[in-house]
Amino acid sequence: MAGRRRVRLAAAVVVFIVIVIIYTRQGQGEHYGGHLTDTLVGGGSVLREKPEVQQPAALPKSSVPVDARPTALAGDAGAQSTTAQDRVTSDEESRPEATSSSTPTSSFAAAPESTSAPVHQLPPITHDDELPYEYGEGRVEVSKISQSSAVHWTSFPENFPVSSTIQLPTGTPASIPSVQYTGTEHDFGHADEDRLAAVKAAAQHAWQGYREVAFGADEVKPISGGINNPFNGWGATLVDSLDTLWIMGLTSAFDEAVEAVADIDFTTSPRSDIPLFEVTIRYLGGLIAAYDLSGQQSQHRVLLDKAVELGEILYAAFDTPNRMPMTYYRWKPAFASQPHRAGSRVVMAELGSLSMEFTRLAMLTGEPKYYDAIARITDELEQFQNNTRLPGMWPTSLDASGCAKPAQMAGSPVGSGAGLRDSTYEYLPKEYLLLGGLVDQYRTMYEDSMEAVKEELLFKPMTIDERDVLISGELKISINYTDGELIKMFQSNGEHLTCFAGGMFALGGVIFDRPEDVEIGRKLTDGCIWAYNSTTTGIMPEGFTAAMCPGRWDEPCEWNQTEYWHLLDPYEATRTRMPTQSARAAAGRLSSPMYTPKAPLSHAEYVEKKIEDERLPPGMTKIGGRKYILRPEAIESVFYLYRITGDPYFRDMGWKMFTSIDQHTRALYGASAIDDVTKAAPEQIDSMESFWTAETLKYFYLLFDEPNRWSLDEWVLNTEAHFFRRPS
Ligand SMILES: *[C@@H]1O[C@H](CO)[C@@H](O)[C@H](O)[C@H]1NC(C)=O
Ligand SMILES: *[C@@H]1O[C@H](CO)[C@@H](O)[C@H](O)[C@H]1NC(C)=O
Ligand SMILES: *[C@@H]1O[C@H](CO)[C@@H](O)[C@H](O)[C@H]1NC(C)=O
Ligand SMILES: *[C@@H]1O[C@H](CO)[C@@H](O)[C@H](O)[C@H]1NC(C)=O
């Protein structure tokens with residue numbers, strides 16, 4: 001899986017994984033476009049994760065002006081959940097380059113609402129399985145990055161230009177409550193110098209490793225000293241880490257990196273597609289943030305120039321009939337010059353997490369088209385926010401093609417888009433801040449989605465010392481085709497990826513004056529702290545299942561050993577009976593007097609053995625993901641809670657997390673992932689994602705740094721921890 005981010009700390013994990021299963025209501029309407037009212041869409045996923053699958057459908061060439069309000073996003077049929085089969089590594093050379101016309105029969109739903117829009121002939125889309133799909137994956141390893149490709153991206157006249165451009169809001173920024181703690185208690189306002197120095201040393205170590213053996217590659221392999229190039233080979237770690245270097249005062253490293261940025265050629269890549277989301281948050285965000293943070297100086301002008309070079313290419317991915325982007329943009333001219341639609345199954349986070357980078361680029365360049373591009377997505381998401389299976393939240397994947405769903409999909413089994421988390425939700429309050437509070441849409445969308453999260457996703461894990469902590473769990477929603485009712489299945493799972501939710505709740509709670517949300521943010525963060533603190537290594541696993549308290553998340557809850565043991569041995573009754581029966585059957589069959597069945601384990605024996613074998617901390621019933629891959633989400637929330645509450649408890653917890661992680665992951669050329677956080681001595685894995693230096697270490701550093709150096713009242717951070725300047 002294309003791993004983007006986050007992991008690790010003690011406490012509950014908030015998993016907002018709502019699974020969205022979308023289906024189209026059966027009915028006469030074979031084609032509908034421009035509105036979603038006929039479409040029953042799935043729930044939503046709240047977490048950030050990378051995009052995985054999409055299939056743009058090709059169109060015949062035609063030039064159609066697009067109205068200011070593009071076609072709605074239709075809910076995707078859940079029947080296609082992400083399967084291993086879907087997740088073809090996208091080496092496009094092995095695919096047909098042009099997926100044009102040929103598709104038969106169905107409905108095209110991308111007609112602009114404006115009745116004056118010209119009628120255009122586009123091939124209809126029918127069964128999804130007949131489409132010339134293109135699949136995308138965030139990480140795609142490419143080997144020959146040094147070989148310069150003869151093929152370069154070039155700009156073409158747009159096939160579907162907008163008829164009017166949505167402008168950035170103007171006016172005096174709204175008054176927004178200050179984000180950072182303003183009191184003077186607990187020595188807030190000062191750096192914690194010793195801890196700061198330790199974090200900086202870890203960052204210097206990782207940067208040195210990268211610089212020595214992998215400079216210019218996407219990632220260093222921290223044990224072997226090899227390289228990985230999963231993100232087009234443009235130097236993901238280099239660009240992603242720029243603002244970390246600046247913040248840490250590593251100026252000569254920063255200058256050297258900026259010089260290397262000048263040599264990046266975004267117009268070519270050994271990889272044939274560009275994963276829009278990954279490239280936007282890592283590269284575009286990285287360049288913009290470095291430019292902003294370093295003071296927009298003329299000697300660093302190349303940072304902005306490169307952001308524009310990349311922005312132009314990424315903007316071309318929005319040239320579709322409904323202006324929804326192709327999230328895996330095939331940039332080679334032979335393909336890119338042809339008309340295309342957005343994918344019919346797009347991961348929500350890929351669409352919803354582009355706003356800040358494009359908005360800031362529009363602000364810095366004065367070019368409104370970048371803002372227009374993402375404002376259209378926001379408008380679409382707003383329109384169908386209340387029409388999903390979980391009103392308020394969006395499905396994890398959706399149809400952005402503007403094409404109607406084939407009616408027959410309603411009769412097919414509904415799949416589930418399990419397990420994606422997305423940053424769309426987090427971007428709502430942050431985009432609000434970036435726009436100076438002038439676009440209220442982001443506030444209302446955020447508030448509506450958080451109401452759904454509180455209602456459906458939060459749960460309280462049962463902890464042995466009865467902590468008042470929260471986790472965001474996972475909801476799968478499917479449909480009973482017999483009676484048309486929704487079937488909701490809740491799972492009390494925690495994931496490192498969802499640990500960002502604590503910080504998001506606290507931030508949103510402060511700026512929108514929702515005090516309860518700040519408290520929820522604290523408890524969610526404490527849930528992650530609890531999970532970190534529970535394991536042998538002091539590091540939270542990627543994913544686990546927790547025993548859930550019986551009441552609502554806001555009700556008190558006691559540790560119940562009987563219940564916990566029952567969850568660990570749910571089939572006790574049949575388990576202890578069965579051996580006898582099978583022994584009897586075996587005896588009858590074999591008539592072997594030699595066979596003496598082993599007595600089944602008693603409940604206590606079984607439970608104790610399971611806890612020992614699986615190294616389960618109290619309160620966890622299963623650990624589905626045992627790794628730690630240097631993820632930042634937990635420390636991110638600890639950082640926000642510290643800055644917002646001023647409570648030194650968060651610095652102490654962050655320090656404990658840092659020492660645990662550093663101890664187990666330190667490798668020759670940086671830091672490594674580890675295989676199992678429940679082992680006393682985990683195995684190291686030869687991988688260091690760029691978020692280690694770009695995010696995880698940056699948050700650790702900022703936690704201990706003087707809070708007003710980079711105040712949250714002046715800056716807002718994107719999902720990749722890049723700093724964008726807020727208007728004042
Ligand atoms: C969605 O529903 C919420 C709660 O009922 C409501 O406040 C909000 O205005 C609705 N949003 C839209 C876009 O209709
Ligand atoms: C679906 O609905 C029918 C009719 O109400 C009901 O008998 C059946 O148990 C439901 N199935 C599920 C899985 O809920
Ligand atoms: C961490 O775990 C220890 C026991 O293992 C406990 O005493 C301590 O209170 C826990 N701290 C937190 C913050 O959970
Ligand atoms: C503990 O859980 C068991 C079920 O596993 C239940 O019967 C019992 O009432 C619970 N005890 C308390 C104090 O809630």
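Numbering starts at 1 and runs along the chain as displayed.
For all residues, glycine too, the Cβ spot is worked out from N, Cα and C.
Bear in mind that TrEMBL entries carry predicted annotations, made automatically and left uncurated.
The annotation transmembrane segment is assigned in TrEMBL to 7-24.
Sequence annotations record features per position, and here TrEMBL assigns region 'Disordered' to 52-131.
TrEMBL lists 97-118 with the feature compositional bias 'Low complexity'.
According to DSSP, E278 (active site, proton donor) sits within a helical segment. The local packing around E278 (active site, proton donor), expressed as other Cβ atoms within 10 Å of its Cβ over all shown chains, amounts to 27. Residues or ranges marked as active site, proton donor by TrEMBL: E278 (among others).
The active site annotation in TrEMBL covers D422 (among others).
Mapped onto three states, the DSSP output places C528 (disulfide bond) in helix. Just so you know, the Cβ of C528 (disulfide bond) picks up 39 other Cβ atoms within 10 Å once every protein chain is counted. Here TrEMBL flags C499-C528 as disulfide bond.
Under the heading active site, proton donor, TrEMBL lists E542 (among others).
Within 10 Å of the Cβ of E633 (active site) there are 33 other Cβ atoms, across all protein chains. According to TrEMBL, the active site annotation covers E633 (among others).
A coil conformation is recorded for T719 (Ca(2+) binding site) in the three-state DSSP classification, outside any helix or strand. Around the Cβ of T719 (Ca(2+) binding site), a 10 Å sphere holds 30 further Cβ atoms from the protein chains shown. Under the heading Ca(2+) binding site, TrEMBL lists T719.
Reported as a whole number, the C-alpha separation between T719 (Ca(2+) binding site) and E633 (active site) equals 10 Å. When Cβ neighbours within 10 Å are tallied across all protein chains shown, the highest count among the active-site residues D422, E542 belongs to D422. The number of other Cβ atoms within 10 Å of the Cβ belonging to C499 (disulfide bond), over all protein chains shown, comes to 38.
Measuring Cα to Cα from C499 (disulfide bond), the active-site residues that fall within 10 Å are E633, out of E278, D422, E633.
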